[in-house]
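Participant: For reference, the structure I am asking about is given below.
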């Protein structure tokens, strides 16, 4: 429903581009002369527009001057259009699009996309927005969908309000500026462009980017809608300048033809005298019918070349803009009343109807009094506006109050007059009865008509409710499809991640097997070393036994020697006493000599004992060093003990053997020293200090050799221990890594399991909401039946009231006294009755005509009622089919999900992928995930962007001279890449051209439904294409 109409002119703005390189090399002159902000002089003639932009104007200045306000208008419920017109290579595409991802060179379309969401985020949080976009081109006078290249020849239809729209065009729901730019990138890749002598990226079609915004206040349920058409027209071409030939020439013919049709439409609207405007001459003018003279606020850019080479084309473009400036549009807010507003309006009309019925009843009562011959006083008459109908009736039934002349007549004539009066009274009563019957019939027909209207209103409400339910179910169905697609994508990515993890696990298993093999080799080496050590220990045991036997023999010899020395020392005199005195003296001398020798030997033994003490002290130092080494060995053994107990036992045995070996070595050295002393004593029996020193040196050398062998053995053992410890550390690190990876995989599996449970809970919640919706529908149906019964009761009471009033009027007419006046009074009564009869006859005829008209209208109303009932049945059938389709899809998706779940349980768990795009509402006060200073986020640099390099070079110079604005800094992180010059003809195709968008507004209607029926059935999907 539209209201708040206001008339406005088309806003026309003129923009001149800089001279390009070819024009500079050719020596073309710069012909425009700018005067102020709204006028330009070409060839001495001034041209005035709403705004004129010189070549050094930046994209931001152009946007703030013309397009920023139209965003607010569209969000306020108006329709808007911005389109660029001009010669080829005049900068139209640069003005409308520019470089999409360059914050300084982006055009009107990407800036509008950013500004729409900035406004929405700052609005009331009770508002909810649904934004959908379409992108199509008019190529060779055929409408081609740029978001689905399979749709190459779409048709233009009209909705129930006779507003043109493109039927079957793909519509995408968006919720962020990035999504709008993605749609533009996708459409631009499919648009027709070519290379001409005047432009490297010449548009070969008219492109139209449509933004449809619907907003609803959640609290008041008030709904507004607005459409914004962003049109980039192809430029008019002169073949002699562009050098077009072949397919490019055919494109130029169609472009010039459609632009000529646009010029004819603007000329007809500018003159204002022609009753026919040729909108249907071109599909472009047909689509833009509302933008040119209709319900829209339109802004037109006329882009011009400043070169003297294009003087004629520039003047023609300026004249076109001046004609367009005189066109008047009537813009109105697209407001849809809520149920509460409809109810208030219905109550207001009901009160008005009630007041009118009361006035009619009073006027009928007053009229009946006048008809009965009563003179109603002015105090009892209806006054003011309420008595307008009674005054009209009174004017038609004047009362004759002329002279009172008394005339005497004969009794026969008197009787004749009385009979005539009775006859007339009888006719009057018959007419009154007939009038009452007709009035009752009229009331019945009016009541039936009111009932039909109420039924029609209720049917319309039910129809709208069913349509809303159907659209809601369709949106839920789309959301369910998106969710299932999301789950399928996540599960597919999960399967891929599982395969990757399986490969990694296999690699780790191979590495672990290699390490196990290496460890087995080390263990085998260690076992061989242990067997070698055991063999050496056995050899050492044999050697120790042999040394023990030698030492025992030496001990026995030493004891015998000591015994012999002792006995000889004691028994020698006894033996000598029985011999000769001389021999005794010799023996005594010999004994004394032996004593002295023994003394020297004892002295030497004492020296040797001192030397032995010193050796014991050195051995204790060595023992302490050995103890520290043994402590270090025990520490390493404690580390090795965690790996194997067997290694500890081996090391412990090794340590005991080393200690036994050291003690035996010390004992052997001591015994060898005593043996040496004994041999020296037996051989020489003379003091030999030099031999003692040699024995001492031999002992020290032997001790040093033992010490070096012991240190070498300790160093070898330390090296082996270090190698084993390093191997143990490496195995521990590998085991820890494998354990961490296993824990990570288990955590991912638990997370996916939780997500699956959440999805199941959400599905149960949706099922519960659907059941509650069905219950509410049944309750509403019962309430409607109750209201219908109450209305029937009121209707019956009204009939009884009308019959009672009619009866009372008849009784009051019968109770009136008969007039017994004279002949004059009788003549007056006769005249009065004749006039009344004539008036009643007229009223009767009028009532008969009204009755006939009502009878004629009754079949039409019944037909409309039947059509409404059939439409309601069709809607119910469509709703039922949609529910059945949704249930089938749900079962099929559930089966697919169960199958994939089984496959995932069979394999393993993975990571969840990114979500698919969902058509969701935009709520003010909730900013997107991207930073406010970087609303476009990180975008792919491969997006195709066609722009005029002249504007880029010229504005780069201008921007170097002037500081960048806040808006340019606002998008400092965005980027764009330009495309190299194309070949002579380029036609970009979409990779997934055969894919159908899930938000496509095509619906599977039954056969025979035309555009109007579709618009009534699906008002949310078939919106007006007004700009």
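From the backbone N, Cα and C atoms, a Cβ is placed for every residue, glycine too.
Reproduced below are the annotations present in Swiss-Prot:
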BINDING   86, 87, 88, 89, 90, 91, 92, 93  ATP binding site
COILED    331-906  coiled coil
DOMAIN    9-327  domain 'Kinesin motor'
MOD_RES   397  phosphothreonine
REGION    174-315  region 'Microtubule-binding'
REGION    353-1027  region 'Interaction with BICD2'
REGION    906-937  region 'Disordered'
REGION    907-1027  region 'Globular'
Participant: Could you check the binding-site residues 87, 88, 90 and say which one's CB has the most other CB atoms within 10 Å?
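Facilitator: Result for the most crowded candidate: 90.
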Participant: Which residue counts does DSSP yield for the region 'Microtubule-binding' (174-315) in the helix, strand and coil classes, in that order?
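Facilitator: Residue counts for the region 'Microtubule-binding' (174-315) by secondary structure: 58 helix, 38 strand, 46 coil.
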Participant: How many neighbouring Cβ atoms, not counting its own, are there within 10 Å of the Cβ of residue 93 (ATP binding site)?
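Facilitator: The Cβ of residue 93 (ATP binding site) has 28 Cβ neighbours within 10 Å.
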Participant: Can you name the residues of this chain that are 6 or more positions from residue 86 (ATP binding site) yet have a C-beta less than 8 Å from its C-beta?
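Facilitator: Same-chain residues close to residue 86 (ATP binding site) (Cβ under 8 Å, separated by 6 or more) are 92, 233, 235, 236, 301, 302, 303, 304, 317.
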Participant: Could you tally the C-beta atoms, other than its own, that fall within 10 angstroms of the C-beta of residue 89 (ATP binding site)?
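Facilitator: The answer is 28 other Cβ atoms.
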Participant: Return the average pLDDT for the coiled coil (331-906) as a whole number.
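Facilitator: Taking every residue in the coiled coil (331-906) and averaging pLDDT yields 72.
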